[in-house]
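A.B. asks: Annotations for this protein, taken from TrEMBL, read as follows:
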COMPBIAS  567-577  compositional bias 'Pro residues'
DOMAIN    94-272  domain 'SMP-LTD'
DOMAIN    271-392  domain 'C2'
DOMAIN    420-540  domain 'C2'
DOMAIN    579-703  domain 'C2'
DOMAIN    733-859  domain 'C2'
DOMAIN    920-1042  domain 'C2'
REGION    562-594  region 'Disordered'
TRANSMEM  25-47  transmembrane segment
TRANSMEM  204-224  transmembrane segment
Amino acid sequence: MERRGAGLAALGALGRRLLWALPAYAAGLLGLGAGALVLALALYAGWRRRRRARERGMRLAARLQRDEEAAVRAAAAGLGAARGELPAWVSFPDVERAEWLNKVLAQAWPFFGQYMEKLLVENIAPSIRASNTHLQTFTFTKVDMGEKPLRVLGVRAHPGTHKKQILLDLNISYVGDVQIDVEVKKFFCKAGVKGMQLHGMLRIILEPLLGDVPIVGALTMFFIRRPILDINWTGMTNLLDIPGLSSMSDTMIMDAISSYLVLPNRLLVPLVPDLHEAAQLRCPLPRGVVRVHLRGARDLRSKDRFMGGLVEGKSDPYTVLRVGTQVVTSRVINDNLNPTWDEVYEFIVHEVPGQEMEVELFDKDPDQDDLLGRMKLDFVEVLKARVLDKWFPLQEGGQGRLHLRLEWLSLMSDASKLDQVLERNRTIVAKPDPPSAAILVVYLDRAEDLPMKKPGKEPNPIVQVSVQDVTRESKVVYNTSAPVWEDAFRFFLHDPVNQDVDIQVKDDPRQSSLGSLSLPLARLLDAPELTLDQPFQLQHSGPGSRLYMKLVLRVLFLDAPEDSGPPHTPSGQPDPPATTGGTHRPTHASPDPQFGTEHVLRIHLLEAENLIAKDNFFKGVVRGRSDPYAKVRVAGRVFRSRVVKEDLNPRWNEVYEAIVDNVPGQDVEFDLFDKDIDKDDFLGRCKVPLRRVLSSRIVDEWLPLEEVKSGRLHVRLENLAPSPSAALLEQVLHTNSLLQPARGEELSAALLSIFVDQAADLPLRKGSKPPTAFASLAVRDVSVKTKTCTPSAEPVWDEGFSFLIKRPHVESLELQVKEEGGQPLGALSLPLPQLLASEGLALDGWFPLAGGGPGSQILLRAQLGVLVSQQVEVGAGSVSLAGEDAAPQPAEVPGEECGTGGLRQRLLPADSHPEPVEGPLGRLQLTLWYYGEERKLVAIVHACRKLRAVSKELPDPYVSLVLLPDRSRSTKRKTSVQKKTLNPDFNERFEWDVSLEEASRRKLEAHVKSTLSFMSREKEVLGKIHLDLAQVDLSEGGTHWYELRDERSSP
């Protein structure tokens, strides 16, 4: 079949070539001359050019629409906050607004302008005049920082690499009306700056933290990525005519300023004198080194066209890789849409997360190179995977993929594995340079007693540090024999055993030698922690000339399984399937460190007291009550309680659950309202800091209502931390069934966390186009979906989700991978019992997708955490009423009304008495036990049955409880009112703060009452029970039916 297809393709190509000769044949057949033929070709070429221009315009319009859509989506996702496109009240979990800081900057900006004017005139200008003989008449004629201050759009805090470090990321934006004018009178030149823009992410490191004022030793500032910088120059043409500056251009100045602000360059501001760590803070040891194997590309776009676009050629691709200020360029591959480079480059990585690699592909042209596509990769992905070998889709180029292998090389402070590293490097065929085995950092501090070449004239020392053919140069320190540089340099070492570091101290600008030093690097290999920190005697210098330096060597070790690298895939063929040994897909998902750290907040909305009466009649002559309900807000979710009619002391006894994380600044907010026909009236609000609940685990208290005259709210907040053990799952389910409120959703027993990493070998659209895929996940009626990836058969999502699980034994996770239009690409059903049977309640790896391609798979991590409350932890002795001897609740008597509260969900102790024969007044079901962990007496009023109607109308019953002998308000409790029923269900819980000894001396009296009318406060007593708690085993607890007695009967 392949040979037949190749033959047909060759015949088709030959036919297209013959068609070009058809116009000449037709012209000869019709007797037309060569002029007519040329005219026809010119008309055809013009028509085709116009058609191509129209198509290009359509593509540009479509690209503009995609960019606009991407910008809108970015703004909705929180990225738009970087440009101030969102209002001040919008905030995001990981980025905090800094409006207070902007107000401080606005207030201090005029004084900052005065400082800058003094700095430029008194310090910067003399330095500029001394740096060049052509600039001896340089002056600042005007310095005005304008009225528009720098703005901080957001602040994000990161945990430092150690305890003495604080990391802050400031999203800054400066669109200023600054005006700075300069003049060089010798050349009659005037120039300046009138307006400047700067946008980017500025990282500030507070380090070291001290135990004394000012607490912080120094501030280090830098941009992780190249910021957006735009300066409106004035008089640049005249300025660039000055000798010594004529080789510069506006673009070069822009690049120089931007590069100065980007890693590895740092601005250090010491806050304490004599800071010994200044050089190390200015240039700390890198986090690691990333070795990039630039393998090749495939299916690139053709950019070379001839004869006005009539003949389509190929491209001459090359690649530019950029990490901050580190930029490398590959060689050019001529006339190839599937180039192979096989080049190796190494980049120093300073900040993770934060730093990323930018890759751009260009078509080499004589005039301006055409962009073939670009991609970005955050190094945190390489750090997680250690070895990342895959085809990356190119963006902004329309088509094509780039094959990269990235290796994270850790820095080792001992030479134990140096031989292993050197042996592995010998097997790597690397171009243009051999692979590195180590990295050397030279901290250049100061020198002393340098010789003076001319008597009475101090030198201008400069230091040159060289390793092989790489030389770094320090700044010049003018007119001193004891210079202080506080500088640092980094070198890659291919063979530290046989290499030397050479140092030359010279006098600038004559470049005459002031001393030299040659140090074998093998000496570092024998030093503790591969570090030398000492003064070095300079050779060919003065007798007391010393150079103070610190040299640090680190071995570059690849902490990953050895492999031979992926085989090259021929152009035009699909990538090898995941089952072949040649691929290097990760075997496990690589979630964010914050994955699976969520907690579950269980909110018990119990009751309120002394609420304000908002319902008034006859223009306030008759005061009514209120119909209160509550709104609960936490972690982006809003819960609303039921409305309690005509009650200023409502009882809700409702439970809500929300998934929360430990992000500072979150609150659990409660708003109370009076339900009205038109607009609901405000009854007050209160809040509890979420961090307080997470730290203390349980908060149970009365909260005073704010912004109103009276009222308070009783809430109980529980922090449930997921436990990766199924040992207590049955106890959790039993306790949840016992404490299940009458209204609301079933209590959750576990938390399911899912991290969707990536998919592989998804089916292609229409046989050849990769799909634009997303994944949807569902548990019961809760569903979420990932972002939609760019067209790829191997999309990468890297997203995590969490679900509340009610019954882990019967529920399952349903996952579907779909195309953007909704067409299914594969599905996965993961029963949660499979997780319960796995070690650590977690599964991590590749799962086959049903209904997809033959090799379609998805990489994910699923982990289950059982929600163990304090009631469960104390065991069956004090909380579990039934323990393991629980028996089913007796069946309801036929013909009885069964409420929606769900008595069948309650588990009764084995020694509970069966339902007694109905008394004349009915019966009450009650649970009593003592909660020893919190020193509370707990009562649950479940239900009443067969109450006696005292009139033709059905009663509105409720139950009031009082703990005798004290009849004060603090000992009284009552349930909500159930309308028009003889068989009400309550399932409401009440607590009293008493000791077990005191509870045993008390008596509990419960009255079943009914309200008579709306306008009357009189209550009708339907029956009562009187219990001596000394006769009840409160430590074990029990649920019983009690016969109601007449109110007039004695206890």
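Cβ from N, Cα, C; glycine included.
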A.B. asks: Would you kindly check 420-540, 579-703, 920-1042 and say which stretch has the most C-beta pairs under 8 angstroms to the domain 'C2' (271-392)?
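C.D. replies: Answer is 420-540, with the largest number of Cβ pairs below 8 Å.
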A.B. asks: State, in range form, which of 420-540, 579-703, 733-859 has the highest count of Cβ pairs under 8 Å to the domain 'C2' (920-1042).
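C.D. replies: So the stretch in question is 579-703.
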A.B. asks: Averaged over the domain 'C2' (733-859), what pLDDT does the predicted model reach?
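C.D. replies: A mean pLDDT of 87 is what the model gives the domain 'C2' (733-859).
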A.B. asks: Would you mind splitting the domain 'C2' (920-1042) into helix, strand and coil residue counts from DSSP?
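C.D. replies: Helix/strand/coil tally for the domain 'C2' (920-1042): 11 helix, 62 strand, 50 coil.
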